[in-house]
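Asker: Quick paste from TrEMBL:
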- 19-100: domain 'Aminoacyl-tRNA synthetase class Ia' (DOMAIN)
- 177-734: domain 'Aminoacyl-tRNA synthetase class Ia' (DOMAIN)
- 773-885: domain 'Methionyl/Valyl/Leucyl/Isoleucyl-tRNA synthetase anticodon-binding' (DOMAIN)
- 919-992: domain 'Leucine--tRNA ligase RagD-binding' (DOMAIN)
- 1043-1154: domain 'Leucine--tRNA ligase ubiquitin-like' (DOMAIN)
- 109-129: region 'Disordered' (REGION)
Amino acid sequence: MERKGTAKLDFLRKIELEIQEKWEKDKAFELTVFFFLSSKNKYFVTFPYPYMNGRLHLGHTFSLSKCEFAVGYQALKGKKCLFPFGLHCTGMPIKACADKLKREMELYGNPPQFPDEEEEEKEKPKTSDEIIIKDKAKGKKSKAAAKSGSSAFQWDIMRSLGLKDDEIVEFANAEHWLEYFPPLAVKDLKQMGVKVDWRRSFITTDVNPFYDSFVRWQFVTLKERKKIKFGKRYTIYSPKDGQPCMDHDRQTGEGVGPQEYTLIKMKIVEPYTAKFKSKVFYSKNIFLVAATLRPETMFGQTNCWVRPDMKYVAFETNSGDIFISTSRSARNMSFQGFTKENGAVPVIMEILGQDILGSALSAPLTSYKIIYALPMLTIKEDKGTGVVTSVPSDAPDDIAALRDIKKKQALREKYGIEDKMVLPFEPVPIIDIPGYGNLSAPLVCDELKIQSQNDKEKLAEAKEKVYLKGFYEGVSQHRPGEAMIYMEPEKQVMSRSADECVVALCDQWYLDYGDPEWKQQANEVLKSLETFCDETRRNFEATLAWLQEHACSRTYGLGTRLPWDEQWLIESLSDSTIYMAFYTVAHLLQGGVLNGQGGSPLGIKPEQMTREVWDFIFFKTSPFPKTDIPKEHLQRLRREFEYWYPVDIRVSGKDLVPNHLSYFLYNHVAMWPKDNGKWPQAVRANGHLLLNSEKMSKSTGNFLTLTQAIDKFSADGMRLALADAGDTVEDANFVETMADAGILRLYTWVEWVKEMIANQKNLRTGPADTFNDRVFASEMNAGIMKTEQHYEKMMYKEALKSGFFEFQAAKDKYRELAIEGMHRDLVFQFIERQTLLLAPICPHLCEYTWGLLGKTGSLMKASWPVAGPVDEILIRSSQYLMETAHDLRLRLKAYMLPPKNKKGDSKPPAKPSHCTIYVAKTYPPWQHSALSLLGKHYKSNNGVLPDNKVIASELGALPELKKYMKRAMPFVAMIKENLEKNGPRVLDLELEFDERTVLMENLVYLTNSLELEQIDVLFASEADDKVKEDCCPGKPFSVFRSEPGVCVSLVNPQPFNGLFSTKVDIRQGDSKDSIIRRLSKVNRLIKDLSRVKLMRYEDPILGPRRVPVLGQEEQGKLPISNKSVFNINLEEKRVTLADNGLTVDIGDTLVYLIQ
């Protein structure tokens, strides 16, 4: 939707740029530790450094906004706040993209001329026939494609970032990415106005000599402490990259691990089917290999299944045996030591499933000597080996398929299956399941009346019943013997180089997160860690329970080399666990240059940062090292670290709990095992960010980078919408219409502040003690306390609600109710407090408002407002007033509806002029009795009321309620509902405030807002029985009526003022003031009633007919005094005026002048 105009947005952007310049000049966020500060009143917040292969987007911004708001709030609370920001370049993706660009230039020229998509499609099928998959790129249109639109080429992805061809060429060099994207990230974040100390920013990898030295020190320490080990282990592996593929190296399949299967070898025996009589199989053992998760059920095999139309491969293993499986599983096996050459599948023959059908098999463990290969059409290619063992006693799918082939002769004939291969085989009992016996699958299939293997839904239900019960309660009657282990990824994993990953048995350096002692220490950290919500804590607990070894070394990509084995690089999830410690000293080492190659402010060179020097800085018990770095410099570095550590809070997406955030805990406890004062204090995990309720995606166009969002909504407008997007670990939602509305709210707020400053002389002064003054003061204090609680819990959506939306609503209500005008002191107190409450979220606009108020210092140095006393009863009495006003409007609307008349010619009643409001001090007797009873139960049952049955029988026993039983239970239901909403004060027999006093203090407001002449407030005890019955404390009863009057013209003879003649009713007993009030309701241009002069004609008959003389408007007229009283004669439609004992006829016209 196109915007009509951008004036308000431009106004906000202009303010933001001015304020950012001011902060930069004042070095507002650069903190130096003054060492005479004995108290550690500090707040150190960090955010996982984002990866530098593109611009920052709104998803990054949402998570880091939590850090930003926290720093803003904690600074107002008087803490020294540090928010540093690093930029991550370690790992595969940058190198993979650079290499892809190189390949594209080699293949397609510079700039590349890519084949069109149709040609590409024609070429594609060739690759799917290949069996030895050395460098096969599958699933090209994965995450990278989603991020770039629909392009499969890296060159097109770079173009989509707005780069020109001659610029793209440079990105074929991985180093160029490190020079190009990090400065853009810094620029975008500065535009957002983040409170970051940029002197401490850095990029990772060995390009930065100081960071490189820091990571090497960390790894030498971890190895010495026996946290890093070497050996063969199963890991997700990318054959194309020739190295393990960890979460951050993946396009799809994040969090997927290896799945362990048992490989069942079923030997093909004579008589051989035609294919297996080939020479290539001569004198070889041939095995169909099936992967199972339940080897204990193999005793129940009656046959095995293959899919007739699926392609299988026969390949030679390192023992000389032949295995038959799908090419995908053969590829996995080749990386797990099954073949002679690692990663190569020596294919002897490609075979279709139908060529295997009917093969006789000798299967281990089964009770049948020979079983056969039979057809099953539902076998999937992406799981297991494509060969499936059949255990019909335990598996509903198997019994359904076996029954099908037994019943259907035509099916047997189609696939050449002889009767002897099927008919003699019956299910073998293997697992005894309580309630189902030892033939559970046939029993459940009969129960559910499953007719064939095509009854998909019923089969799914059967499997759920059998497997769940079998798994937890089944007792196996057999135990498996020897078996081989086979691994494959739990789900498909694609590496960032578009390669389908396998599970490989690799030599690697790994961090031994499974070590029981280390795991126990990590759990200790978790115990004292603030996680803000139970779900995050549960995720941590689950992760620490299953976490095992994590490969920390790679051979491809960017990063720091392993100090003791330089052929390996340290991968991106391992060099990012304790770098928060590096932030504390980075600004003194690397001189404000991201790659650390500028001059050090302390004159320290990277090569001087020896292991002993790092030990001295970070371990407070380490001795002073042998070094030529001056002692005071090293002590300064150590003091910086000791002052800022530990990390007070780390904010991140919840998807990092199972990896990065858990490693963060592990590594801190490994580096500082005996110093729990250095362990992380809190982790705040948030959900993903949706954009307009949909997943963010470049391919659909539902995507915003940080810089686009700022251009579109301004920094403060975007920040407001980010705060409003959501706080929990559920997915949050950034709504563009909310951001647009935010711009309008912020702009309106500033304009109102300017208006108040300009009009402050006209605001009321003197004591601020009216009912509405006191309510407004209390509501402000309550708002401050509520907002403070939300900020403390990092609930920014709630803080925005109580500290801006509800705070503004309190001001709007005050403005509406304060008929006598708003009080100057309260208005300016409100502006100051509102500015401070909103400052963490919208700092630019608040800094600007702070300046408008004439404050000399920066808002960044201000303090959180101190809340005064809160009068809860007063606030509730004000709520009562608003509810009563609302109720009166509804009743007035109902009064104005025409009565239902069968003839249909009913006219609506005349608009009422008067209203009587009846208030009750006490409840009617029957309600009083019911409430007393409920109150008694509530007290004696610890705040719980009994069932309605109990209450009804007790109420029925009370004589005074006999008449009212029909009304008593609905009344009880209403009280119960209100009790849940408003707490036990609902059971009070009297109100905590005086209703009549509240209404009397606001009579003018009520009269004006209902456009009535007069409202009387009486006690219900003075009214008839119906009113007494319908009226109870807190629920007044109102009666409207129309007082008759005589219509008179009011004329204004003054020229050029836009005030015209008006007709007004005059009623018995009216005074001058009541008529002026009535006039102002009809004529909205009259604002100040004190300036209106009411006059009558000396000659009531001829006077109105004379032409007024310019400048002599009062000629022939007499003023009406304050003491005058109007009397009316309805029959004659005549009005007379009584003043000082004199009665005169006023005719049909009066005159009013504005002085």
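Cβ coordinates are placed from backbone N, Cα and C, and glycine is handled just like the others.
Curation plays no part in TrEMBL annotations; they are all automatic predictions.
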Asker: Pull the DSSP breakdown for the domain 'Leucine--tRNA ligase ubiquitin-like' (1043-1154) and write it out as helix, strand, coil residue counts.
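Answerer: The composition, in the requested order, is 17 helix, 41 strand, 54 coil.
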Asker: Taking DSSP states H, G and I as helix and E and B as strand, how many residues of the domain 'Aminoacyl-tRNA synthetase class Ia' (19-100) are helix, strand and coil?
Answerer: 35 helix, 13 strand, 34 coil
Asker: Which numbers of helix, strand and coil residues does DSSP report for the domain 'Leucine--tRNA ligase RagD-binding' (919-992)?
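Answerer: Residue counts in helix, strand and coil order: 53 helix, 1 strand, 20 coil.
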Asker: Averaging the per-residue pLDDT over the domain 'Leucine--tRNA ligase ubiquitin-like' (1043-1154), what integer do you get?
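Answerer: Result for the domain 'Leucine--tRNA ligase ubiquitin-like' (1043-1154): average pLDDT 88.
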